[in-house]
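As recorded in TrEMBL:
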COMPBIAS  B:1-10  compositional bias 'Polar residues'
REGION    B:1-38  region 'Disordered'
COMPBIAS  B:17-29  compositional bias 'Gly residues'
REGION    B:70-102  region 'Disordered'
COMPBIAS  B:81-92  compositional bias 'Basic residues'
TRANSMEM  B:215-237  transmembrane segment
TRANSMEM  B:331-353  transmembrane segment
TRANSMEM  B:424-446  transmembrane segment
TRANSMEM  B:470-494  transmembrane segment
TRANSMEM  B:506-532  transmembrane segment
DOMAIN    B:555-667  domain 'TMC'
TRANSMEM  B:564-586  transmembrane segment
TRANSMEM  B:671-693  transmembrane segment
TRANSMEM  B:727-753  transmembrane segment
REGION    B:793-821  region 'Disordered'
Amino acid sequence: MGNKNTTFTEEELEDYEDLTYLTRREILVAWGKWKGLVGGQGEPDRVTRYPEEDVQKLPELQHNPFRERITRVFSSLKDSRMSFEDFLDLLSVMSSKAPLQLKAHYAFHIFDYNEDQVLDTEDLEVVVERLTGDHALLPEEKSKLVEKLLEDTDLDGGGISEEEFKHLLTKCPDFTHSFRFSV
Amino acid sequence: MSGDRNSGCRTSAAMSGSGGRGGSGGRGQKAGSARRGGWEDAGVEFYREAYPTSVDNIYDTRITTLLPSKRHNVNSLGRGTVRRRASQRSRRQPPTTTATLVHTSRRGSDTYLEVLPDLTQGVDEEETWEKLQQIRAHAVPIEEKRKLKQQLQSAPTLRTRGLAAFKLSRRKFFSQTKSRLREMISKIELWHWSLRYVEGNFGTGLVAFFTFIKWLLYLNLFTCVLLGVFILVPQIFLVHSKDSCIVDSWPNSVYDNETFLYENDTNCCTKYYNEIQSNSPKRDNYYLIQLVQDGVQGTGPLELSYLFYGYYPRHILVLEVAPEWKYNLPLAYLLVLVVTLILSLVLMVRAAARGLRESLRSSEGQFYQYCNLIFGGWDYCIENNKAASIKKKAIYNELCNHLETERYNEEKEQRTKKERCRLYMVRLLVNMVVLALLSVSFVAIYKSTIFAFDHLKDAKDSKESEQDKLMILLFEYLPSGVIVTLNIIIPYLLRALVKLEHYTPNSILVLTLIRTVFLRLASLVILLISIYQSIPACPDSKPSECIDECTRPWCWETYVGQQLYKLTILDLIIMFLTTFLVNFPLKCIGHKLMRGSQIGAAIGDIEFAIPKHVLDIVYGQTLCWLGMFYSPLLPAVTCIKLVLVFYIKYFDCKVNSSQSSQLYRTSRSNALFISILLVSFIVTIIPVGYSIAEIKPSLACGPFRGLDTIWSEMLAVIEESPDWLKAVLLFLGTAGFAVPAIIFLILAGYYYYAVAAANKHMVSLLKNQLVLEGHDKQFLLSRLNHMIKMSAEEGGENTSARSSRPVEDETGHSNDQTLEA
């Protein structure tokens, strides 16, 4: 991108580079995309918060079955709005350089639909439903699946806690490959 | 495709009875999971117990969030990679006194707890710098991270001095350069946008395939550079004295003596060979066709060029301006090839180890496959609605697959003896049929090669008429044609046969792949064997004879190089033709002309079958490795071919194929591709090694003419090296070294196996213990809730006010005091 430093000072870029896993180029590309997403209401700046639906128009999020959860988890004030810095947070966690622990933390909160800090039967049922979309499993198939999942991964009962989830994900090598995108 | 909700898997009939068997489903897994016996019962009863773990008990939620383990897991996030002992210490003590809680219940029941690590103790520069580097790994929004950074930077730090300061500045410098380098490399990354397109529209499984092509390209480039620098460049820029063919067989100048490495006899052979090559008749009418044909086959002007082994001389090359600088070309030729093969092996084993580690992890148990599918199954980079719906369907299919595999396993245990016998008989029969098919194809290839070779000799001697020219062309391409036809037909038959064997879908995939790989590799080996048959089929020639009575090719190494070069080019042409002249029209016909009809869909819907394409790529790479010794520029040709292949396959994927409904998992794919590559590498080492060690090089050409075997060059060099080196190298070849080395390797392997088994046992023990601890925790929590409720009811307003605000407290201490009251 040619428009180098018209919007960011050197300090700010360095600051963002330190605080996220993005490179300079990626930050500038992200700014371009941000302007495209929310630019309808005049020239965007870095602190204004925009409604979630605007952010969900991003191509990678548009067809993601978990997009509402993603925007909710990454919204720092939990007010169904995101600022540019929240957007940078999202991209940083989704970049390929972010470590597994960090991604696991956010993935846990994304999948936790009822926000009770554990992944229990209801959460998992909703996840499976979203994943299969139109082709739904029969209710008893779904419950059998979820029960099997919990039975084998939940060691101390009461649903999958964050620690258990992180440990679980170290055994799922596809997670690091699939839980990422870049701009 | 039409949204049939709640239709369930195909096997829904079988599923209807399984709803009530949820609990006993676990027992069905007993066969492979004896180590889970400890908590199997616990898991089942657990869900039936009436422990109050429901969320509507607000006391329970708040108390669980105060548990040290809940606080600790976030704290350890930032210190994950810091190697200081101080952080190890603080990890063991839960941070109760000085932790700061952020985001505490901003909105009602939202208890988003994040705990930032303690930073007010005096720290030195190194620790500060490490913490700064780890800021990104904290799971808090940017604002908080910024505050943390400011806090870190303004906190009083002890300056490091002396050696520690130097080490620190060196570390900082290294990490900065690494990140700059990475950014630069990412800018010039090859095919970045094509890969992004595939990622967005097809998912990461397919990207793994194209990334594999890219990796192979880099490997070939590396090989090319090595060969170019050490073989090609000296040959171009350095000179050697002329070969003089003097029948009196005595060298006539002192200068010549220094660069000759062989007797005078073979000079004449070389001269004759060169003359024959340059005097081969060229017809003016069909010049262009002749040129194209020569280009594809490597004959004509290409035969005596840098492309093939025959051009390289058996001389010590010298620099024109400074004749003291010598370069032993034959030795360099041999050494560079051996070193290149070893380096390629090392690189491949590294990549394979990574892939194997991942795939082992995922195949550890049936349950982890479910988790892998549900939590890692969705590609977050999909940008396209159609791709998203296909992906959902693929995940659904895979889930049904898993459920079906389970049902299959349950069914398997219930099979009667008679059924089992019958199934085994069928499997045996199918295996025999497959073996028969493969042997028939091998015999066909062998016979056709020998047939073509014999007739080619006859036809070449009498190249008179047009018809003969056509016959020559036919015979040239007969072996390759047979191989290609077999490679198309046999996989179809294999796929049909494997359906009779009743394996699980995964096993079917792996089995078909193994059989097809076997077919491809073995057909190559048969080709080599048939070439080998036609070369040293003659008795040893007399020293003064350049050519034997049985008229084998003057320069058999070049002949082999030509065959492999021809196969490479042919492979490329066939890929091109298949994509553009077969698949593309089929798709156009199916989708445009016969749109909407069943037949149209059947014709036009071509799936991009990854295993088949991977085999194509691996086949090309195998040809490159086989031919590397006889044609030093073949890696360069393969590089160009890989670039073209990338675009051909990309076109095939993007335009011709409809979306695949099968889920290709990256981790499994990576492991698969690299292991197939390794297997074919090992298969190619054997013929090349044998030809270096045993076959007599031809007299008329090449850097090894006049020797008994190519390896004797190496032996001669060892003879001339200093005594200690000679002793060491000769010792390495004896049995006295090999046998102890093998024994040592076996012992080391066994040791690691024993350690791994012990660790597995430990893991199962710890799991059982964890389950029991979990029981304890739940029990204690419920008692605690009970007590709080009772004291709340008794105490009235006061105690209830105090005990209802445990979360807003800054520390955990005061909370403990309240409860103890």
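Keep in mind that glycine also has a Cβ here, set from the backbone N, Cα and C atoms.
Taking residue pairs at least 6 apart in sequence, the transmembrane segment (B:506-532) and the transmembrane segment (B:424-446) share three or more C-beta contacts under 8 angstroms. Here the transmembrane segment (B:506-532) touches the transmembrane segment (B:671-693). Their Cβ atoms form 3 or more pairs under 8 Å, with each pair 6 or more residues apart. Residues 208-209, 212, 216, 334, 341, 344-345, 348-349, 351-352, 355-356, 358-359, 513, 517, 521, 524-525, 528, 532, 614-615, 618-619, 621-622, 625-626, 628-629, 709-711 of the same chain, all 6+ positions outside the transmembrane segment (B:671-693), place their C-beta atoms under 8 angstroms from a C-beta of that stretch. Sequence-distant contacts of the transmembrane segment (B:727-753) (same chain, at least 6 residues past either end, Cβ-Cβ under 8 Å): 718, 721.
Within the domain 'TMC' (B:555-667), the DSSP-based counts of helix, strand and coil residues read 88 helix, 4 strand, 21 coil.
Only residues 6 or more beyond the boundaries of the transmembrane segment (B:470-494), in the same chain, are considered here, and those with a CB under 8 A from a CB of the stretch are 293, 297, 434, 437-438, 441, 444-445, 448-449, 451-452, 455-456, 459-460, 463, 512, 515-516, 519-520, 523-524, 527, 530, 566-567, 570, 574, 612. When pLDDT is averaged over the domain 'TMC' (B:555-667), the result is 81.
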